[in-house]
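So the structure is just underneath, and the comments pick up after that.
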Amino acid sequence: MESIEQQLTELRTTLRHHEYLYHVMDAPEIPDAEYDRLMRELCELETKHPELITPDSPTQRVGAAPLAAFSQIRHEVPMLSLDNVFDEESFLAFNKRVQDRLKNNEKVTWCCELKLDGLAVSILYENGVLVSAATRGDGTTGEDITSNVRTIRAIPLKLHGENIPARLEVRGEVFLPQAGFEKINEDARRTGGKVFANPRNAAAGSLRQLDPRITAKRPLTFFCYGVGVLEGGELPDTHLGRLLQFKKWGVPVSDRVTLCESAEEVLAFYHKVEEDRPTLGFDIDGVVIKVNSLEQQEQLGFVARAPRWAVAFKFPAQEQMTFVRDVEFQVGRTGAITPVARLEPVHVAGVLVSNATLHNADEIERLGLRIGDKVVIRRAGDVIPQVVNVVLSERPEDTREVVFPTHCPVCGSDVERVEGEAVARCTGGLICGAQRKESLKHFVSRRAMDVDGMGDKIIDQLVEKEYVHTPADLFKLTAGKLTGLERMGPKLAQNVVNALEKAKETTFARFLYALGIREVGEATAAGLAAYFGTLEALEAASIEELQKVPDVGIVVASHVHNFFAEESNRNVISELLAEGVHWPAPIVINAEEIDSPFAGKTVVLTGSLSQMSRDDAKARLVELGAKVAGSVSKKTDLVIAGEAAGSKLAKAQELGIEVIDEAEMLRLLGS
């Protein structure tokens, strides 16, 4: 007679097998009623023997007790977003950029997937067992949704198969099929509950329930699209190969994933998916196109927040017709004058739209737009509403011409348009209240100086009351002065002052980004900081020297040079430093002066280390003059291979690069 443990093991194995056939292979072997019977049998046994319940049991999907709040999980590998293209011309331009960046006219194949309209999640498996799950969040830190993800039957609690890595982070999209969405809303209408506008909102709301038992009742599902952390194992060297391997281990992958050999095949895939879109049974808003070769992906690299080797090719957004009631002009951080159409409110793609961007004067002329016109509105990328065209055949008789301002609508300064540029700009600089507001909002933003609690409404009041003119004035604010603002009590005022004090300690890269120099985003600011090391060196740099920084061309170099040449900007920087803004001094390492076997070498770490953390090893190597890289290439001098080293070790051996183990690294570090 079988023991209770054996019965439980067999039941769990059987249920996992049928979950795999149903959710991954779409080929169920048994009726739903039989699956339910097996599940009931397992539940009854575990109820009688709770000491034998395991975390990966299929019964553990039903949800734990409600959470008071979500804790945070920091992504070990950032969850980047994708750049978008919206037409064939833009995709072909992306294809050309990829081809141009690759050397020796290498052939590129593309892995094409559906762009699911759901919620991006990260799921970490250790030794094949699901241990945590998180939302994308800001790309660096997400919310811990482990308890909720465990309730989604499509997601395996335990991977099955061979050669499963010790640590594997699966990334993908949680979404709600149309049928499930309609059922949720039908139930909500009947019971007086919340009715969701679209399946994505319903999926997000379901996944972020503090009570996992509610999530368990929602018919969420999941498709994998990539990998994050990989330790103690190997994966295929192509994106498609990795997805197919995940499928073997029990992770759901869309059967619409397709390998395309050319740009023409990609376009054919795009149009086929667009044609099939209404019959898929779930929402998508485009296709995702990725370079299939992992080696080519490494060559192409990343920009600030997106890979160069992938793009989202969005479908045309839904469109509606409405009337333009007025055109107003907004002033941005750099003085750009942007015309905005004020519309008769209309629902577009589930959202009530009352404003739409008109971009610039050229766009108004191209459209032939007049105030009062009937227009077609599109939510470009399903995010930013824009005017597509004017319905000339239905133009009312009382329309009025749109007159682009010659003077700033906020400060009255002259508006100038540089020859060759589409954007007209206010020349008022920081005397313009609008520019001042937007500059200050940028300065305190999370990726700049990161002043917690300093919201847009506070900045608006500070400028309107003439309390603040430059970023340096922010650090002169007192709690007493802040309490004079609307909805600002003594406690909140003190919190803002404390946040400003904390923000004084920053990094050189963040400081440069916060200054708001034209065309200088996060990545460029980081590159400038790394190259020049000090503010003094950067201020003294010529346009020619600035162009030596990776990805800095003549236009960006000119903007940076002109910014520091302006006396008022230098004065603001001096004031900021006088108020205590500071960052760590750069560690200048001259490899030629260091007597170390690692000096001047490009080193790659792979596998797990037992005697020190990887971060500690990197720091020690840098101290000894090494440059630590993240991937193996022909430029790599040395690979340090820990336990369970994977594809990087194989590539190093293929290229004939010197490889040492952890013990040899420790010996050399000690020498």
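Here the Cβ of each residue, glycine as well, is placed from N, Cα and C on the backbone.
These come from Swiss-Prot:
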BINDING   D32, A33, E34, Y35, D36, S81, L82, E113, R136, E173, K290, K314  NAD(+) binding site
ACT_SITE  K115  active site, N6-AMP-lysine intermediate
BINDING   C408, C411, C426, C432  Zn(2+) binding site
DOMAIN    593-671  domain 'BRCT'
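Structural mapping of features recorded in Swiss-Prot.
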{"residue": "E34", "record": "NAD(+) binding site", "DSSP class": "helix"}
{"residue": "L82", "record": "NAD(+) binding site", "DSSP class": "coil"}
{"residue": "K115", "record": "active site, N6-AMP-lysine intermediate", "DSSP class": "strand"}
{"residue": "R136", "record": "NAD(+) binding site", "DSSP class": "coil"}
{"residue": "K290", "record": "NAD(+) binding site", "DSSP class": "strand"}
{"residue": "C408", "record": "Zn(2+) binding site", "DSSP class": "coil"}
{"residue": "C426", "record": "Zn(2+) binding site", "DSSP class": "strand"}
{"residue": "C432", "record": "Zn(2+) binding site", "DSSP class": "coil"}
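Note: the domain 'BRCT' (593-671) comprises 29 helix, 18 strand, 32 coil (DSSP; helix = H, G, I, strand = E, B). The Cβ of L82 (NAD(+) binding site) has V288, A306, P307, A310, V311, A312 as same-chain neighbours under 8 Å, each 6 or more residues away in sequence. Nearest neighbour of K115 (active site, N6-AMP-lysine intermediate) by Cα distance, taken over the binding-site residues E34, R136, K290, C408: K290.
Take the mean position of the Cβ atoms of C408, C411, C426, C432, the recorded Zn(2+) site; other residues of that chain with a Cβ within 8 Å of it are V331, G335, P409, V410, G412, S413, V415, T427, G428, I431, G433, A434, Q435. Note: the CA-CA distance between C426 (Zn(2+) binding site) and E34 (NAD(+) binding site) rounds to 71 Å. Taking the Cα atom of each, C408 (Zn(2+) binding site) and R136 (NAD(+) binding site) are about 40 angstrom apart. Recorded residues R136 (NAD(+) binding site) and C432 (Zn(2+) binding site) have their alpha carbons 37 Å apart, per Cα-Cα distance.
Considering other CB atoms within 10 Å as the measure, the emptiest surroundings among the binding-site residues C411, C426 are those of C411. A 10 Å cutoff on Cβ-Cβ distances gives E34 (NAD(+) binding site) a total of 12 other Cβ atoms nearby, all chains included. Mean pLDDT across the domain 'BRCT' (593-671) comes to 78 in this model. The distance from the Cα of E34 (NAD(+) binding site) to the Cα of C411 (Zn(2+) binding site) comes to 73 Å. Taking the C-alpha positions, the distance from K290 (NAD(+) binding site) to C432 (Zn(2+) binding site) comes to 44 Å. Within the same chain, the residues at least 6 positions away from C432 (Zn(2+) binding site) whose Cβ sits under 8 Å from its Cβ are V331, G335, C408, V410, C411, S413, C426, listed in sequence order.
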